[in-house]
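Undergrad: Summarising the annotation, TrEMBL assigns substrate binding site to A:162, A:188, A:199, A:285, A:409, A:414. As annotated by TrEMBL, active site, nucleophile applies to A:199.
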């Protein structure tokens with residue numbers, strides 16, 4: 001069940017010049033479902049990405065990081081030409097043979113596209129600690145190439161789904177410096193941080209030309225304000241990746257991160273990224289509520305994020321949201337153990353939407369439980385904490401913890 | 001449902017000379033249940049404690065910390081004479097008026113016992129952010145005093161229960177340096193760290209005489225190897241407290257932490273504390289499995305604990321245990337995001353009881369899923385991780401995450 005999240009409409013997903021998409025049914029885990037995706041890029045494209053910080057990062061993550069670095073070093077001589085994604089197997093916890101298989105996938109696709117293996121970025125998502133059936137992926141590549149087309153974004157969103165109950169995608173058209181820019185993105189899974197090791201994957205393409213160092217900065221900014229602000233259960237996958245693709249097929253060119261065009265592009269990309277990230281939360285495993293947690297008045301963004309995540313990860317807070325129970329002391333407790341050692345709780349206020357719950361660290365004398373109850377029954381709720389110790393703020397989006405979360409994760413492999 | 005945890009037998013709980021126990025039904029949250037407990041100490045007693053690190057620590061925690069310090073400063077002139085515990089209300093998130101009410105409880109009991117208010121330690125457990133009905137507690141004190149007796153440990157264990165499904169208590173008799181020592185303890189709730197803010201409380205008394213600085217060291221050691229090694233859901237309560245009481249009513253005297261008697265006493269106290277802590281996990285909310293997580297071969301105890309807790313807190317790992325699903329890649333992922341930045345996963349091995357699952361960071365070629373399945377079906381399971389980077393180790397005890405956990409915490413206040 002997804003929280004207030006309408007299915008993306010295929011006809012509303014705009015093709016982006018400079019990127020073609022193909023898919024295939026390789027039968028990696030189950031038959032008769034799209035499980036291999038190819039994105040083929042124009043030679044003008046630049047690509048930048050952020051990846052999981054998990055020390056057990058998957059083989060394809062290691063290969064993609066190395067190949068991105070090689071493409072950047074080539075200064076345009078050997079750009080990334082294609083991305084390949086499989087579901088059904090994460091190729092993580094697979095050691096040296098896993099690395100060899102990720103490279104084998106790249107080599108096979110490179111052979112079919114006429115480039116070298118380093119110009120391919122591989123991605124995998126699914127169960128970890130099991131050998132990748134690389135031969136099935138390689139066998140499916142010609143079929144995926146055969147159906148390459150620009151207008152395949154909805155199929156792409158479906159092809160990367162695992163435990164997702166619905167595909168996640170969005171398009172936006174913007175005008176920057178007089179140039180039309182089309183951007184379309186897809187996502188799947190949940191955190192950088194999330195259930196099932198189902199892996200957060202995000203791909204966002206737009207048709208401007210962006211210099212590599214500028215795109216590197218842009219992807220970091222967009223991730224920090226979108227995919228890095230969501231959490232479902234605090235688990236960080238071995239495979240999380242967010243890739244930003246500037247195809248270079250449009251007329252806008254951005255080579256300077258100090259330019260007004262950069263600022264406009266950054267805000268547009270961040271907006272689309274945030275939409276994709278929030279779609280993940282709305283489709284969180286077992287989610288029945290969409291919760292926004294804002295912490296303000298902090299001495300640093302870091303401490304605001306620590307407190308917001310402490311609230312967002314607390315199983316007690318999450319089960320209270322599921323039950324629509326205004327047991328709001330649990331939120332104060334989660335703030336208290338967030339690890340901000342010099343926090344003066346006597347300066348802290350807590351709001352639930354428009355309801356002032358706690359004042360100066362204690363119950364607001366005017367707070368009525370009926371008001372808290374009213375807000376807790378909503379499917380979208382904002383928790384706002386003010387710390388009274390500075391001007392920094394942070395926001396995190398999360399969902400509740402329901403019976404279905406346990407059911408889904410207890411039954412995942414069966 | 002408690003995991004393999006027999007109910008303590010009242011007749012097997014040994015009285016400890018120098019401590020008397022009384023209880024009453026104050027009707028704090030619900031009628032007709034013991035909800036106030038008094039422990040009255042001999043004037044020879046010394047008391048030491050460890051408390052929650054939550055910044056929103058409850059009013060009684062603040063008062064107990066201050067009164068313990070005052071008693072220590074008095075050097076025996078004004079020792080702690082009694083402890084008073086209420087359930088049904090945590091007196092946390094209650095600001096200045098909460099502090100005043102905790103002090104009022106102390107003053108009332110001190111008046112009845114003929115000592116001063118600073119010689120009383122107050123404790124509370126229950127819902128937070130709600131005003132303490134102090135008048136009900138004060139009114140119940142005479143009844144609790146009227147039934148004071150040494151042989152009331154089973155009643156004490158019952159009187160401090162909240163969401164516990166069974167009372168938790170244990171006794172041991174040991175001989176140290178030729179002296180008989182009797183120790184009896186009770187506990188309730190779950191973490192230092194745990195569901196429902198239900199609060200971990202532990203009280204352990206024995207009849208030796210122990211100098212205050214030695215007892216301070218002893219309580220820290222015992223807590224670090226018992227109550228600080230358990231976790232159910234990672235939530236740290238506002239009220240967690242573990243109190244160690246040396247009544248001084250026996251013949252053993254320990255004034256030197258370097259003595260052999262201290263070492264023997266420390267091991268005995270730690271053993272009883274560990275038993276009490278493990279009873280909490282076995283009765284964890286919704287628990288169906290008792291899991292021991294041991295991390296060995298670390299460069300420091302701290303990094304071993306980080307990894308053990310990362311596994312123990314992962315909702316994915318916990319739901320896999322609930323489902324008896326050997327989806328063991330989830331354990332590797334939890335190790336990977338534990339925050340040990342220079343961890344070389346290529347040196348890491350993973351065992352499930354006697355089954356060697358992962359070798360050098362990848363699947364052990366000899367591992368058979370049927371073997372993992374066999375262990376996962378057990379109600380007691382040991383996860384052992386070897387890091388291959390040093391000689392340090394740590395152990396954490398936890399339970400699984402079940403449907404009942406969600407049910408219990410979603411319905412707690414109803």
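Glycine is no exception: its Cβ is also placed from the backbone N, Cα and C atoms.
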Undergrad: Out of A:199, A:285, A:409, which binding-site residues come under 8 Å of chain B, measuring Cβ to Cβ?
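TA: Contact set vs B: A:409.
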Undergrad: Among all the protein chains here, how many other CB atoms are within 10 A of the CB of residue A:409 (substrate binding site)?
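TA: Result for residue A:409 (substrate binding site): 29 other Cβ atoms within 10 Å.
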Undergrad: Across all the protein chains here, work out how many other Cβ atoms are within 10 Å of the Cβ of residue A:199 (substrate binding site).
TA: 31
Undergrad: For residue A:199 (substrate binding site), name the DSSP secondary structure in the helix/strand/coil scheme.
TA: coil
Undergrad: In terms of DSSP three-state secondary structure, what is the assignment for residue A:409 (substrate binding site)?
TA: helix
Undergrad: Under a three-state reduction of DSSP output, how is residue A:162 (substrate binding site) classified: helix, strand, or coil?
TA: coil
